[in-house]
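Residues annotated as S-adenosyl-L-methionine binding site in Swiss-Prot, with sequence analysis given as evidence: G122, V123, G124, S125, G126, D145, W174, N189. The substrate binding site annotation in Swiss-Prot covers N189, P190, P191, Y192 and is backed by sequence analysis.
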Amino acid sequence: MTLTLVKAWTAAKDRLKDAGIDQPSIDARLMLEVAAGVTRTEIVTDPYRELSAEQIATLNDYLERRARREPVSHIIGRKGFWKILLQVNKNVLTPRPETEVIVDEVLKAFPEHMAFSMLDLGVGSGTILLAVLAERPAAKGLGIDASSEALAVARENAANLDLNTRAALLHGDWTTGLGSDSFDLVVSNPPYIPTEVIDTLEPEVRIHEPRLALDGGPDGLAAYRELAPEILRVLKPGGLFAVEIGYDQSQAVEALFRAAGATEVRTVKDLSTHDRVVLGVKNPLESPA
């Protein structure tokens with residue numbers, strides 16, 4: 001029996017819907033694009049193109065994995081973020097649209113042709129670092145992560161985006177070994193989910209994503225307690241920081257950064273109107289160490 005693109009998409013949507021998957025239409029299309037080697041446009045403009053037996057087998061494998069709640073990004077090995085396409089796997093946190101709030105705020109603060117240095121703590125797949133560097137050609141950045149497997153993904157992404165000459169990637173423990181007053185910008189999407197909450201999350205997250213990137217300790221604030229004074233240390237006077245937070249952590253995280261000496265501390269909401277990013281500045285009058 002022949003299977004066309006339109007029939008394959010319809011069957012895939014139905015199969016995912018029956019499996020209780022959210023957004024079955026989008027997931028089915030993304031997996032069909034990769035399995036059949038087509039674009040979204042081709043599915044619409046050439047709907048009666050037939051799939052080969054190999055393509056059908058690949059799509060069926062993808063659908064079985066998705067029905068077991070493996071994330072689509074892990075199945076197809078990629079995820080769009082901001083204006084870039086990133087390679088992803090089980091060793092990195094899947095980029096989320098709410099993290100784009102950090103990129104948006106950074107681009108507002110740093111004009112297009114401005115030269116500046118940035119640090120991304122817990123760089124993962126390179127999500128924030130590479131999205132910013134792709135938009136700011138005069139900028140250079142350093143990404144640090146405790147996971148060597150995550151760094152391998154980030155290096156691949158930097159190379160694929162031709163950003164490896166401006167993005168340095170190092171294995172390390174947050175800011176250990178970094179000099180004071182070194183960066184114009186520090187960003188981070190640290191683990192912020194309370195330990196006991198992780199087991200209540202959807203299977204795509206609790207089973208398939210690295211716990212190191214999720215677990216924020218008993219109250220979800222462990223990373224921020226460590227990061228706040230260190231981010232203020234490595235920032236240049238007048239430098240900006242932006243960190244992602246959980247929806248209910250704004251007050252606590254703002255307080256930690258104020259206690260560390262930050263000024264102009266504020267919280268920005270995401271498109272779902274949840275508190276998402278805490279920003280602030282290192283006192284520009286502070287003398288370099």
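Cβ atoms are placed via backbone N, Cα and C, with glycine included.
Highest Cβ count within 10 Å among the binding-site residues G122, G124, G126, P190: G126. Of the binding-site residues W174, Y192, Y192 has the largest number of other Cβ atoms within 10 Å of its own Cβ. Sequence-distant neighbours of D145 (S-adenosyl-L-methionine binding site) (same chain, 6+ apart, CB under 8 A from its CB) are G122, V123, G124, L151, A154, L169, H171, G172. W174 (S-adenosyl-L-methionine binding site) sits 10 Å from P190 (substrate binding site), taking the Cα positions as reference. The sparsest Cβ neighbourhood within 10 Å, among the listed binding-site residues (S125, N189), is found at N189. Residues listed for S-adenosyl-L-methionine, G122, V123, G124, S125, G126, D145, W174, N189, cover a largest CA to CA span of 16 Å.
A gap of 18 Å separates the Cα atoms of S125 (S-adenosyl-L-methionine binding site) and Y192 (substrate binding site). Here the Cβ of P191 (substrate binding site) has 20 other Cβ atoms within 10 Å, regardless of which shown protein chain they belong to.
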